[in-house]
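> The structure under discussion is supplied below as structure tokens; questions concerning it will follow.
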């Protein structure tokens, strides 16, 4: 029987579309207890067999600790206080306060009062004493952790994970064409340009119909969430209204998204091309304004840890004036619907002496005429909080100060929004020089804008591009010429880059979206990811639907592994791989790839022994000396690219990508036991957490993803927590 102070967890229907709670209803604080896997670096994972994670009322992670370590420290403290004397008295577990809710990962069978029910099996006193001592130790550890971080014991919802379940960060899809998902599995006989002409463009034309666009995008976004994608860089079509619908759907469903209205004013079908660069830019500015006016905005989390000081965060003078420069293309945000709420966690995290002000994530947009909404965006407005001709009071200096504060607050609001716009020139050969020039000019005025495009995907594409832009020495130089290579630029594919192009991408600090499934499927080639990682280039994974045919980032993980192995044994056979100063036996051991080991809660390749000697677990120095081309990509590297690496590529690593303090809780609750009915997932009772994690990456699917969280809210999963 379950005591009255415990509430057994129940699950919703599999695949049921879930919508995030509106901004008016703040989240209940949650404490998760169970296994945790999170990326630490390209070479190591942070693994807690029993961890504890506290998620605040705005979905921000407030603490993450190793519960086993806390229990050991408490036990040692008690032992030292008792002077080492044994106490064999039978103890009773400390009751949990009545306002605390505990949830198990699976619903238990309903108890019955039948008189025919067999009595419970007898448990000897010694075993019972051991169980109760273990329960007491766990409860004491939980109490110690939550109170250390300023939370009242029991003033939260407690979620205990079952054996075989674990938490990990949500996946980041750095390249997906949301409009192409209905084409999944089609066009296997084509390469890129033929595939675009015969499969892709006819499909994308359909999104001119807003009814079709909404129906399709609602299905696509929920499917992505259920597959574990919590953040994505998405391509819409060239249609202004269709792009706005995708942004609105993402906001309603609660996915973290960079949404781009595609731009293409040449070399496309006559009935699917923008008329000129000027009209393309006008529509794009309206789309940016629409995205930035999806209300309400959240506020960025407080900097509770060093991990929340992103290199891409702009505090430059250009950024201070960027919103003002774009004021003619943006509509006033309604203050009444964007004012922050009072945080329940303002006293949280006393160990960091930080005061936090949390707000909720966006709620569904207000329903109105979409066409009218877009039409209103072109009106000239001001962002200083007063309409033209409005009543003003106070001195000029105080007004200027208030205007400056308002602008900076709106910049924070833009940066914290769950759905953000991203400039999306399709690829160089589909854009005129006038269009690329205009996009570069817009970015120079507003450096906060991100860019996504394609680069060096197909040999035919590259040759065509060189003919169109004869002034450029290579494909990558085209984008650089128009100032489109920035730290916030996402370059998809990057298969056929020469050394100069890789160096240029590194110098400009761009990110690369590795799309191995699509690269194989369209016979484009295999990207040299190991070389990019050696150079320090940011790399994430992309599904590139429907060039790829896998909806989940799990498929990208598997194909990235396959691609790296293909390159490894191809170069080995060609004699390109060489390891100076090693014997033949040592060379063979090197090309086999590093095995794995767990050290201090971190899963590391055995080939990185130097990491064990680094202070404070600093693995960055080991990455600098590690050669990613000498072996296939390791499990830690693959998972990093699928999560934190993808967040870095999207300039979102300060908010998501790992389960670290100060980041928002974008996470997956994974279940690996037989109840998921995944025949490809064969797990035995004595399988370790490391084994289950690896099996999940290579054998799991959406059935194993029980709950999906974005900013702390449940937004999907096969059996989501209700």
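Note: Cβ is positioned from N, Cα and C throughout, glycine not excepted.
Caution: TrEMBL annotation is automatic and unverified by curators.
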> Which residue range, 33-74, 75-116, is the one TrEMBL calls region 'Disordered'?
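Range annotated as region 'Disordered' by TrEMBL: 75-116.
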> Taking the domain 'Amidohydrolase-related' (166-291) alone, what is its mean pLDDT?
96
> Taking DSSP states H, G and I as helix and E and B as strand, how many residues of the domain 'Amidohydrolase-related' (166-291) are helix, strand and coil?
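The composition, in the requested order, is 69 helix, 25 strand, 32 coil.
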> What are the helix, strand and coil residue counts for the domain 'Amidohydrolase-related' (633-715) according to DSSP?
31 helix, 15 strand, 37 coil
